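*Asks:* Below, the features straight out of TrEMBL:
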type	residues	note
TRANSMEM	B:12-33	transmembrane segment
TRANSMEM	B:45-67	transmembrane segment
TRANSMEM	B:79-103	transmembrane segment
TRANSMEM	B:110-130	transmembrane segment
TRANSMEM	B:179-199	transmembrane segment
TRANSMEM	B:220-244	transmembrane segment
TRANSMEM	B:264-285	transmembrane segment
TRANSMEM	B:292-317	transmembrane segment
Amino acid sequence: MSEVQTGYVTEDGRQIGDVMLDLRAITLRFGGVEAIKNISFDIREGEIRAIIGPNGAGKSSMLNVISGFYVPQEGEVWFHGKKRPPVKPFQVARQGIARTFQNIALFEGMSVLDNIMTGRLNYTKSGMLAQAIWKGKAEREETENRERVERVIDFLEIQAIRKTPVGRLPYGLKKRVELARALAAEPKLLLLDEPMAGMNVEEKEDMSRFILDVNDEFGTTIALIEHDMGVVMDLSDRVVVMDYGKKIGDGTPDEVRNNQDVIDAYLGVAHDE
Amino acid sequence: MPADFYYGIEVVLNGLMAGVMYALVALGFVLIFKASGIFNFAQGVMALFAALTLVGIMEGQVPFAHLINATFGTEIHHFGWHVPALLAILLTVGVMVIFAWAVQRFLFRHLVGQEPIILFMATIGLAYFLEGVGDLMWGSNIKTLALGLPQGGARWIEDATAGLGGDDFYGFFIDKLDLVATLVAIVLVAGLIAFSQYTKHGRAMRAVADDHQAALSVGISLNFIWILVWSLAGFVALVAGVMWGAKSGVQFSLSLIALKALPVLMLGGFTSIPGAIVGGLIIGVGEKLFEFLVGPMVGGATENWFAYVLALLFLVFRPQGLFGEKIIERV
């Protein structure tokens, strides 16, 4: 059950706002397999919300439902207080929900700068002809787009690689470029699918810092999937725990940590003989 | 310098011109293959259809005249007006855009996620369907394209170069139409590159060509981009159809120029616009030079097969072509 008006204040004193995204009784099936079973939870404005769970729990499926890549068979998605009709992923992106992928989906043939500029496509309204001949409104737009992109590049400390083709970058930097592209779109809600998978400790620390800073500086609401429990507990305000497509826990990191179902799911449970 | 040397140069020049014509056809293939992974066998027929439509509109032909007359017992063939060339070209572009939309809406939207071979088969079906529609719409007689493009040898080049290779040498013979085609091709390619590098939709097009999932996640509609790409390919087909049509008349064998584009693509790579140009030029020059140098020894007519043999050699030694993306599978 989600109350609609009031937010809350986090331990570190940040004000969390109203419900931004509300998932109600989502069920997703692939043939006979139920990947998500009747799950409800919400994401509030300004929050960092984590989705955790063992492998195959349905976390990525959940993210794909939010970003429109999967259409659930049952349940409703409410965004900014309105019920969302079935939509295509590109329409979700245009509504202000940006995302990254578990296996990195970048435009490998383009430079870092061009990749990040694609995040601005929806802010480019002037017509083809105007752009081709580079005048007035088109020029102003291009300047605005460049400003935002430069800010994101500075922010994520990737100035040095801006002209490099993405295909040549190491894994950790690719992850960062993907985040940059998502941020360039000025999203209201940012979805991160395992932003730290495959990173070493140092890279994880960098990425954690970026996530906190994004939330702090841009006020972006963030939902993320992560396996590293230490990271999740440090970063997130509230945590949803999934196991075998079901929700087995939901609350602050402390609450979740002490939830018996969650402990069982992660450590295994001794069955009575 | 002996006259033979200058004949050689003339052969190379004519080869380059012929290559431009091949490249024009190959360009359409590259556009669609790059953006959607579909090898569009119908590209040649699209060129034919575009040329037929252009002639039909210019001459004020009634589309589907035979069908209408057979059904209603009427005797109409012409509207009785002539449409100016520029307006007719614009209208033809419009028809090609509608065609692009229809292809997407009624064919490829239903084949999303299918194997490449299935998509390829679909384009073969599309080719024959479109050929039939072209026939039904505009009739099957050979038409002349009277766009007022210059024809015949360029005298000034001949005069300027006459006597270079001695008294027997009359100067380079260069077809004016080939010169125009070269100019048009340069403008077309420059336009395409500017479009894909500097415009929003060009950027989106490159994004879709690179990664569908990522493109969706930044708010690009795949459907829209595919219609756009097919429209562009339709426009390129129109240009190719006009040039080839002006050269050899608008007739149904025009659709066979697609076969000439195949070796060009093998050489240049299926995914590279510069590759299509360079591939076309190499094939054009190669087959003319080969005919000039080796042809007399083997009884001539090498132009019929040279391009394909060259393509075969490329398939064996460099299957991705000169500019195509390397096929590397990382494990």
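Cβ coordinates come from backbone N, Cα and C, glycine included.
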*Asks:* Let me spell it out: take the transmembrane segment (B:110-130), skip the flanking residues so only those 6+ beyond its ends count, and list any with a Cβ under 8 Å from a Cβ in it.
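*Replies:* Residues 37-42, 44-46, 49, 99, 103, 255.
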*Asks:* Are there at least 3 C-beta pairs under 8 angstroms linking the transmembrane segment (B:220-244) and the transmembrane segment (B:12-33), leaving out pairs fewer than 6 apart in sequence?
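*Replies:* Per Cβ check, the transmembrane segment (B:12-33) touches the transmembrane segment (B:220-244).
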*Asks:* Which range wins on Cβ pairs under 8 Å with the transmembrane segment (B:45-67): B:79-103, B:264-285, B:292-317?
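*Replies:* The stretch with the most contacts is B:79-103.
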*Asks:* Find the member of B:79-103, B:220-244, B:264-285, B:292-317 that has more C-beta pairs under 8 Å to the transmembrane segment (B:179-199) than any other listed stretch.
*Replies:* B:220-244
